Amino acid sequence: SQLLPQEAGLHAHKLSAAAVVATLQFVARPVGVCSMMKLPVQASAEGLDAAFVGVPLDTGTSNRPGARFGPRQIRAESAMVRRYNASTGAAPFDSLQVADIGDVNVNLYNLPDSCRLIRESYQKIVASGCVPLTLGGDHTITYPILQALAEKHGPVGLVHVDAHTDTGDRALGEKIYHGTPFRRCVEEGLLDCSRVVQVGIRGSSYDPDPYKYCQDQGFRVVPAEECWGKSLVPLMGEVRKQMGDKPVYISFDIDGLDPAYAPGTGTPEIAGLTPAQALEIIRGCKGLNIVGCDLVEVAPMYDVSGNTALLGANLLFEMLCVLPKVKTM
């Protein structure tokens, strides 16, 4: 059978993701519905081990808007991503039932209400036993996602890649925006603070001691300058020991990468991580009890090449490859 991916989506309960991805070598990349990696599209997470979910929200941004279009562009660029991870040997589609379950219907005119809609959507995903891999959207979205995940798993560990700590308290009098999600998570007990690592942090600051809040909570902060010119494999060995076998969430802000590689984002900071270091971080999470992941802050209008979204699509594939139960070839 050579079903197109959109046709396969009508029979996702009968046809494995592996079978759908296998058809793609016979189908031109521009053909078909624009789903993540041209996977089947389902209306819910029922019956899935993992699902790609879009959250097209950017009303929490503090600088350049546009991340609401991130999920759409990541999906478009993901047509380049193939079935196997040739570097690690991971075979996610031979191991897991995976589909694209579309987008959360956010309220672009009301940020707290959007958080409610995201939280309720993820409660349903988590209740089904599915691991969500999220296409953002600005970093505000991680707060309601973690509300839903912690409701099931308890406080989770966090591997957070970003140029910014996102632990601010308020901006323009508001407590919910993309610079505050992890402070809100701390306040609500959603994070196991002894198992939080933030990598790639850099840039100028409003405060003379910008990492004090994080360090006071017990977070490990790894500034970008500690990553310059070196492999992050040793760091990730330490991170794995710190995380242990308890639930872990991966939150990856694309601005953690240097803007030379990922210019399509709202708050770029110079002298960031390289794509190779991003791969070392994600691959270094293999073996952890990962219960969810996100890739946020892709704003495609600032990147005419599409390279930022292409990076985002590949990093999401790498996250899929390190999920529990993924076999190697």
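In case you wondered, yes, glycine gets a Cβ from its N, Cα and C as well.
Given the structure is predicted, the values throughout are model-derived calculations rather than measurements.
Annotated in TrEMBL:
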type	residues	note
BINDING	H139, D162, H164, D166, D253, D255	Mn(2+) binding site
Residue, out of the binding-site residues D162, D166, D253, D255, whose Cβ gathers the largest set of other Cβ atoms within 10 Å: D255
Residues flanking the Mn(2+) site, with Cβ no more than 8 Å from the Cβ centroid of H139, D162, H164, D166, D253, D255 and excluding those residues themselves: H160, A163, T165, H178, G256, T267, V296, E297
Winner by Cβ contact number (other Cβ atoms within 10 Å) across the binding-site residues H139, H164: H139
